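What follows is one structure encoded as structure tokens, with my remarks underneath.
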Amino acid sequence: MGAIMSYISIGINIVTGLVFTPWMIHSIGKENYGLFTLALSVISLFVFDFGLSSAVTRFLSIYLADGKKDKVEQCLGLVLRMYLVIDIFLFLVLCSVYFFIPYIYKELTLEEIEKFKVIYIMAASFSIFSLPFIPVNGVLTANEKFVQNKVCDIIHKILVVLTMTIVLLYDGGLYTLVMVNIWSGMIAYLAKLWCIYRFTDTKVDLRYLNRLEIKEILHFSGWITIVSICKRLIFTIAPTILGVFCGSASIAIFGIANAIEGYVFYFADALSGLFLPRVSRVYIKEYGNVLPLMIKVGRMQFYIVSAIVFGFITLGQDFLNLWLGEQFADSYICIILLILPCVFQLPQEVGSHAIVVQNKVKEQAKVFIVMGVLNIVLGIILTSFFDVLGMCLSIFISSFVRTIGLDIIMYRSLKIDVFKFFKYTFVKQTVPLILPMIISIYINTFFECSGWLLFAAESLLYCILFSVCSFVVMNEDEKRITSNFLSKVKI
């Protein structure tokens, strides 16, 4: 049931994004949408939980399994106080950034600076308010209240959709859109608190203090924090770099590219998380052979990811023109640069899980450090020359460096034969799966896509060609899995 809720949540995200993004841009303007994207990215850049949410899930799961309810209360008391300290630090940092906004974002006009300051204050205030509530996700997960947690997330998304619909129908402005997102977030956190009160017997002991336990929690969350920070040096920092060297229009273009990349990632990555328990079982023995599972899952992932990525290369330009208009035509190349690394990274997610299961997170963190630093350096250099395209090129290069680094860890530390994996996952399938893209692009040159009906016909042609080519290169096991899936959904 929890998995179904996850898919519903992903579906709502994608559908609402595709519907509301052009509506929002039309209502508030391209520049204001860029400011909206910039404000959210700046807040996201500073607001993270230092791995404490993962620590809450881990330690509470252990204590609950052992029946140590007193340790649960004590652990939550320690973590809550640690969050309050982080919250004070965050408040000081966000206040400092506010006073330097005109000096950091020199490419914004004076009017845009004033608007950005207002939405920055609004978003920053919500971030400071919401940070201490982050452990609620860990508490619900540790108590195996997955359905309640996902239901709250779905309610949050539906609430955002309803309130934004009302705001856009009544010509609400930029500030109102920010406020409805803030209030919806607050309601979601309060709903999760109610779920903890209603469905668990969780309490908090604020009087408990144990320095050794604090040290243990911080040690566990340390490397997770490094990975979290480095991830923010990719997509989250990009709007800030664009704000320094370009302007709100470039940020808006990147915002669209980033949104599409997110849809591709979440849709294609939904399969990989289902195999984490199986990876753990393979490694019950120290030298468990995870390669067969990695190839099996990787091939299926490659079918899914390549269908989406090659499909966007084929149809993306027409889709953007129909969806947002020609003012966002530059987003096409940017999106391709952001989603191409997914073709090689997502089919290797079983190997990434193996890195975590085998406790090679320190090596993983080093790879992410290199990726993050490289992206900042390349981003600054390339953006100053090529605008938003340079920023996307920097992310493209950094993402491939990350993938290569993780492959080295798998090969050297986990003894996974990555060359065999690439041979059976990519080499034998790539050309047949690229063929539908080439044929579709050639056929589409004879027609000018002037409406959604013709676009639907082009999409149907691509889907038929890709399905045929995929079925031809599938092995018997993959054909059986596909047939079983189609029979279940009655296709």
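Don't overthink the numbers, they just go from 1 along the chain as shown.
Backbone N, Cα and C atoms are what each Cβ position is placed from, and that goes for glycine too.
Since we're looking at a predicted model, the values are computed, not measured.
Feature annotations, courtesy of TrEMBL:
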- 7-25: transmembrane segment (TRANSMEM)
- 37-61: transmembrane segment (TRANSMEM)
- 82-105: transmembrane segment (TRANSMEM)
- 117-142: transmembrane segment (TRANSMEM)
- 154-170: transmembrane segment (TRANSMEM)
- 176-197: transmembrane segment (TRANSMEM)
- 233-257: transmembrane segment (TRANSMEM)
- 300-317: transmembrane segment (TRANSMEM)
- 329-346: transmembrane segment (TRANSMEM)
- 367-389: transmembrane segment (TRANSMEM)
- 426-447: transmembrane segment (TRANSMEM)
- 453-474: transmembrane segment (TRANSMEM)
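Same-chain residues lying 6+ beyond the ends of the transmembrane segment (233-257) with a Cβ under 8 Å from its Cβ atoms: 21, 25, 30-38, 41-42, 44-45, 104-108, 112, 320, 324, 328, 330-331, 334-335, 337-338, 371-373, 375-376, 379-380, 383-384, 387-388, 391-392, 395, 398-399. A contact links the transmembrane segment (117-142) to the transmembrane segment (176-197), because at least 3 Cβ pairs that are 6 or more residues apart lie under 8 A. Beyond its flanks by at least six residues, the transmembrane segment (426-447) meets 299, 302-303, 306-307, 310-311, 313-315, 318, 344, 347, 454, 458, 461-462, 465-466, 468-470, 472-473 of its own chain at Cβ-Cβ distances under 8 Å.
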